[in-house]
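Student: Marked as active site, proton donor by TrEMBL: His113. What TrEMBL lists as N(1)-(5-phospho-beta-D-ribosyl)glycinamide binding site is Gly16, Thr17, Asn18. Residues annotated as (6R)-10-formyltetrahydrofolate binding site in TrEMBL: Arg69, Met94, Arg95, Ile96, Leu97, Asn111. As annotated by TrEMBL, domain 'Formyl transferase N-terminal' applies to 7-186. Marked as site 'Raises pKa of active site His' by TrEMBL: Asp149.
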Amino acid sequence: MTESKCKTVVLISGSGTNLQALIDTAASEGAEFSVCAVISNKSDAYGLIRASDAGIATSVVNHRDFDDRGSFDRALMEEIDRHQPDLVVLAGFMRILTPEFVRHYKGRLLNIHPSLLPKYQGLHTHKRALEAGDDEHGATVHFVTEELDGGPAIVQAVVPIETGDTPERLAERVQVQEHVIYPLAVTWFAQGRLRMMGDQAELDGEILPRSGKKITS
Ligand SMILES: Nc1nc2c(c(=O)[nH]1)N[C@@H](CN(C=O)c1ccc(C(=O)N[C@@H](CCC(=O)O)C(=O)O)cc1)CN2
Ligand SMILES: NCC(=O)N[C@@H]1O[C@H](COP(=O)([O-])[O-])[C@@H](O)[C@H]1O
């Protein structure tokens with residue numbers, strides 16, 4: 001990475017509240033990274049409006065326009081690489097990526113997942129945590145690997161589950177913490193403090209625990 005800011009491309013599929021948190025952090029005094037482009041697989045993603053309002057380049061690569069995952073991912077890679085990013089950030093991006101894509105961005109591809117990984121990989125995590133009777137839930141920022149939501153964890157926010165919680169109410173409280181930990185992890189990467197070492201994450205030269213650095217709300 002040169003002396004200039006860490007160039008980040010953000011991939012979205014929906015509302016973009018995590019994108020907004022990254023945009024706001026990138027716009028703040030002393031920010032260590034910039035959001036240079038936002039790419040969505042869905043043309044109606046509200047996150048595209050958030051990016052446009054912030055003067056950030058946007059594009060849509062719709063997975064429905066391709067015959068298979070491989071061709072979609074190659075088109076996505078071509079669009080991403082036009083911006084020559086230092087880091088690619090998945091922020092509510094809802095497509096499973098192929099091994100080819102993951103290899104291409106290995107070590108510079110992050111995701112935020114709405115659970116305390118390794119619990120509840122995949123979808124519908126809030127509902128699953130409630131149905132399991134867990135007393136806590138949360139979110140995890142991790143490096144992306146071929147294994148779905150199985151990459152090395154970087155940072156986790158723990159959110160207590162409250163009596164009467166619904167998946168929607170729980171998701172709201174989890175997202176408040178997502179908007180804290182995602183900018184934090186991206187900043188660590190931009191500062192050159194965070195890297196992926198094999199199947200582990202390393203911060204300031206120290207291997208992080210399996211579930212990442214814990215932040216309790
Ligand atoms: N190879 C990887 N790809 C992706 C990862 C990853 O860790 N490795 N993380 C996900 C993000 N994610 C959860 O955090 C996730 C996104 C999407 C899905 C999924 O089942 N997608 C379906 C379509 C669902 C939809 O369109 O609503 C699919 O792709 O068929 C699971 C987990 C991003 N990719
Ligand atoms: N498996 C991926 C996944 O479920 N990601 C989740 O989607 C939401 C996106 O919200 P946003 O578009 O408002 O940032 C976030 O809560 C994120 O954890």
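Placement of Cβ uses the backbone N, Cα and C atoms for every residue, glycine included.
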Student: Can you list the residues of the same chain, besides Gly16, Thr17, Asn18, whose Cβ falls within 8 Å of the N(1)-(5-phospho-beta-D-ribosyl)glycinamide site's Cβ centroid?
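Tutor: Those within range, site residues removed, are Ile12, Gly14, Ser15, Leu19, Gln20, Ala21, Gly47, Arg50, Ala91, Gly92, Gln175, His179.
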Student: Which binding-site residues out of Gly16, Thr17, Asn18, Arg69, Asn111 lie by ligand 1, going by a Cβ under 6 Å?
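Tutor: Cβ under 6 Å from ligand 1: Asn111.
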Student: Which recorded positions, if any, among Gly16, Thr17, Asn18, Arg95, Ile96, Asp149 have a Cβ under 6 Å from ligand 2, given in order along the chain?
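Tutor: Cβ < 6 Å from ligand 2, in sequence order: Gly16, Thr17, Asn18.
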Student: Sequence gap of 6 or more, C-beta under 8 Å: which same-chain residues meet both conditions with respect to Thr17 (N(1)-(5-phospho-beta-D-ribosyl)glycinamide binding site)?
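Tutor: Listed in sequence order: Gly92, Gln175, Glu178, His179.
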Student: If you measure every Cα to Cα distance among Arg69, Met94, Arg95, Ile96, Leu97, Asn111, the residues said to bind (6R)-10-formyltetrahydrofolate, what is the biggest one in Å?
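Tutor: This binding site's residues have a maximal Cα-Cα distance of 19 Å.
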Student: Tell me which of the recorded positions Gly16, Asn18, His113, Asp149 ends up closest to Ile96 ((6R)-10-formyltetrahydrofolate binding site) in space, Cα to Cα.
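Tutor: Ranked by Cα distance from Ile96 ((6R)-10-formyltetrahydrofolate binding site), first place goes to Asp149.
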Student: How many neighbouring Cβ atoms, not counting its own, are there within 10 Å of the Cβ of Ile96 ((6R)-10-formyltetrahydrofolate binding site)?
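Tutor: A count of 12.
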Student: Quiz question: given the binding-site residues Met94, Leu97, which has the greatest number of C-beta atoms lying within 10 angstroms of its own C-beta?
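Tutor: Sorting the candidates by Cβ neighbours within 10 Å, the top entry is Leu97.
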